[in-house]
Amino acid sequence: MNRDASHPYFNLPDFTQPSPPSTPVSFLSNPHHRCGPSDATKGLFVALLGGGLSAGFVGPFSRMAYQTSHLPSLELLIFRCLFHLPIALLLKFRGDPLLGPPDVRVRAFLHAMLNVLSIGCAYSAVQVVPAGNAVTVRKGSSTVCSALLALCLESQGLNGYAWCGLFGSTLGLIIIVGPGLGTLQEGTTGLYTALGYVLAFLGGLALSLGLQVYRSLHFPSCLPTVAFLFGLVGLVVSVPGLFVLQTPVLPQDPLSWSCVVAVGLLALVSFVCVSYAVTKAHPALVCAVLHSEVVVALMLQYYVLYETVTPSDIMGAGVVLGSIAIITVQNLSCEKDGQMEE
């Protein structure tokens, strides 16, 4: 009997009993393995929901403030910088230096200067060209410049899906702003319009440079420090420039004050979200996701400002949204706890 029981026939598995579920070896070796969005995906969602959507209201609200009270762009920048100054209380509470560590202080100030230049150019552009077109040119130039800077300075390339989404979002912006650039009027009006587009392009270039500088900053309380420095540098630059280049105007009606407060709060939220996102994902992809700001600005341009939205604007907005979907979906991945995706 013992010899027969040792025969392979008697050692076959009992198929009448349910077999236990199979578990991959990787899950057995690491019980903390889970499926979830990568850090890059989290950064892109923060840029989309907190950066792009909130920033889409800034351009139209800035134009409303200019139309109702003729509020100068530098004065609007001053009001925005005032919302950044209370962050100094947080830094003092945590015992951190207001201007950052001495070894990175120059780069922190450079980041603040580039952001002030970018915002100043953007606010000046929306006063002479439609808000949607100004935002479009600024975001398009920031995306292209961010991709080139990351490729040249960091040797940080993109995969095929990312390049496809980047190309599609840029194409959508060209579809939106192309017909407007082809019908510029001659004379003074056309000159001011062309100047507005140039300022929007320079604003995008300064934004991309600022994002690259921010990625090189690594110290505790980096985000609140650069947010405070933006407000400080913006005030130092804007206050003298307002009295030299423009005429100060005190808003009188509640609508203007509401627009000023909304611009300050929404811009602060967008600043914080974009600064966080660029540390998690490629700066070019962050700028591409921020193209959602263009779609929001076009909707407000039509429904709130009652400015014309052409079929090319709608078509370009659709291309932009499709490109954002491609960029976001291709970044969805499974990763282990604690694993950082490059």
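Any Cβ shown, glycine's included, is placed from N, Cα and C.
Copied over from TrEMBL:
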type     : residues : note
REGION   : 1-24     : region 'Disordered'
TRANSMEM : 43-62    : transmembrane segment
DOMAIN   : 47-177   : domain 'EamA'
TRANSMEM : 74-93    : transmembrane segment
TRANSMEM : 108-129  : transmembrane segment
TRANSMEM : 161-182  : transmembrane segment
TRANSMEM : 194-214  : transmembrane segment
DOMAIN   : 195-328  : domain 'EamA'
TRANSMEM : 226-249  : transmembrane segment
TRANSMEM : 255-277  : transmembrane segment
TRANSMEM : 284-302  : transmembrane segment
Relative to the transmembrane segment (255-277), the stretch among 43-62, 74-93, 108-129, 226-249, 284-302 with the most Cβ pairs under 8 Å is 43-62
Under a Cβ pair cut-off of under 8 Å, which of the recorded stretches 74-93, 161-182, 194-214, 284-302 contacts the transmembrane segment (226-249) most often? 74-93
I'm a bit unsure how to read this: which one of 43-62, 74-93, 108-129, 284-302 has the highest number of Cβ pairs shorter than 8 Å with the transmembrane segment (194-214)? 108-129
Same chain only, please: residues at least 6 beyond the ends of the transmembrane segment (108-129) with a C-beta under 8 Å from a C-beta of the stretch. Say none if there are none. 59, 62-63, 66, 73-74, 76-77, 80, 99-100, 135, 137-138, 180, 192-193, 195-197, 199-200, 202-204, 206-207, 209-210, 213-214, 217, 225-226, 229-230, 232-234, 237-238, 267, 271
Intrachain neighbours beyond the transmembrane segment (74-93), with Cβ under 8 angstroms and 6 or more residues off its ends: 62, 65-66, 116, 119-120, 123, 221, 224-225, 227-228, 230-232, 234-235, 238-239, 241-242, 245-246, 248-249, 260, 263-265, 267-268, 271
How many helix, strand and coil residues does the domain 'EamA' (47-177) contain under DSSP? 104 helix, 0 strand, 27 coil
